[in-house]
Every structure is written in structure tokens, then in C-alpha cells.
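S.K.: Sending over a structure as C-alpha cells; questions will come in a sec.
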Amino acid sequence: MTYRVKEIFHTLQGEGMRAGRAAVFCRFSGCNLWTGWAQDRPAAVCPFCDTDFVGTDGPGGGVFEDAATLAAAILAAFPYKTGEGYRPYVVFTGGEPALQLDRPLIDILHAHGCEVAIETNGTVRLPEGIDWVTVSPKAGTRLAVTSGDELKLVWPQQGICPESYESLAFTYLLMQPRDGLGDAGRGDAESEAVRWCLAHPRWRLCLQTHKYLGIP
């Protein structure tokens, strides 16, 4: 299988229950909910998307002809050797990573001692073997992934009721204030998310700490 990757980079996980953990991110190009082009944003399922996933021109990005080649590029992004008392953490994101992530790539990374995570919109079935699953549902879509480690809901999001996800088999329910609204809009989103979490204690507030820190 050929993989199209926007970028590969080493940073700290900024979101969710594993925030603060060092990881290599592999951002796949392409998504099934938006083309990524500005002129198509009004028709996108998630017009608030804040990610550039178009093309293969980012740092470490490119077209990789097979799983072994892509795995080698991911492993090379770690500034330390694998097997030094730490299990390397690889996060596949996008775009929509489930369109490209497959079992051969997962198996190679596992063979090198890596832990494999995915950040997905949940509309595409996942391959087996993923160690940590984060689903971020979008209004108007049907979930193909109804269980996992964390469900991360961007809020506010028109057309979604957070309580409708509480019966699904996720260990953690997270509410992430919507960005892309400007500083004032983000503040309002944070206030709404705080109010929801205070009134619904199954939910935890999830901030995008990497944006506050100014890291990728």
C-alpha cells in the first residue's frame, strides 16, 4: 500500500488523557469530511477544522511506497533510540488517518516496541492492533467506531447532544473547547465547556495545551 503523509514530527501530545507525553505524530493527508481547501470550508462537515492536511509537503511528509518505508521514517523522527526504558509513542492523525492506517504498518511499529495511537473522526472502521483510540465525533455523521479509550467532543458544535454519547463504550469522555473562533470566541467556548463539565461530571475538560505552549 502507498501512504500519503502530510508531515511527521516529534512533540508533546497536547490533548486528552495523555497530554504531556512525548510522541511522534504522523499526519496522513486527506479526509472524508472536508477536502481541506478553503473554498470548500462552508460545505465541510466540520468547518471549524484547524488543521492543514492537504498534500505531502510538510516536514517529513511525502509519498511512502510501503509500510516498512513509512515506519522507518517515523522511527527516525525519535531523537532517542527505541528500547531505552521507554516505549516510543506514535500518534496517527489527519485529516482522517483511518483512511490509510493498516495492520502491516501497525505490526512493524509494534515489532520495534512502539505504542500506536489514533485520532479519528470515528466514521471509518479501524484496523486491529491499535493501542489507544481517540474518537472525535462530528455532527451529522454516523459512527463506525463506538468504543475506545477516549471520546473527545469539540464544543460547542451545532447539531450534537453530548449526552447521546454517554452510552458508548469509551473509558473517558472529554469536552474540548472549539478553537478557530478568535480569542474572544475561544474564551466563550471554554466557558461553555466548563459549565457543561461542572453540570455533567462524567465529562472532563480537555484543553489544547500545545497551542498555549506554542509547540506543534
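Including glycine, each Cβ sits where the backbone N, Cα and C put it.
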S.K.: Among ARG27, ARG41, ARG195, ARG202, indicate the single residue that Swiss-Prot lists for the substrate site containing LEU12, GLN13, GLY14, THR93, PRO216.
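M.R.: Answer per Swiss-Prot: ARG27.
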S.K.: Counting only residues 6+ apart in the same chain, whose Cβ is under 8 Å from the Cβ of GLN13 (substrate binding site)?
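M.R.: Residues satisfying the criterion: ALA19, GLY20, ARG21, ALA22, ALA23, TYR89, VAL91.
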S.K.: List nothing but the one residue from THR51, THR93, SER136, GLN176 whose Cβ has the fewest other Cβ atoms within 10 Å; the candidates are the binding-site residues.
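M.R.: Fewest other Cβ atoms within 10 Å, among the binding-site residues THR51, THR93, SER136, GLN176, is found for THR51.
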S.K.: What same-chain residues, at least 6 away in sequence, bring their CB to under 8 Å of the CB of LYS138 (S-adenosyl-L-methionine binding site)?
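M.R.: Non-local contacts for LYS138 (S-adenosyl-L-methionine binding site): LEU33, VAL45, CYS46, ASN121, THR123, VAL154, GLN157.
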S.K.: Measure from the Cα of PRO177 (S-adenosyl-L-methionine binding site) to the Cα of every one of the binding-site residues GLY14, THR93, PRO216, then give the nearest.
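M.R.: Closest by Cα: GLY14.
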S.K.: Using THR51 (Mg(2+) binding site) as the reference point, find which of the binding-site residues LEU12, THR93, GLY95, PRO137 has the shortest Cα-to-Cα distance to it.
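M.R.: That would be GLY95, nearest by Cα distance.
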S.K.: For a quick check of packing: other C-beta atoms within 10 Å of the C-beta of ASP179 (S-adenosyl-L-methionine binding site), how many?
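M.R.: Step by step: centre on the Cβ of ASP179 (S-adenosyl-L-methionine binding site), count other Cβ atoms within 10 Å, giving 17.
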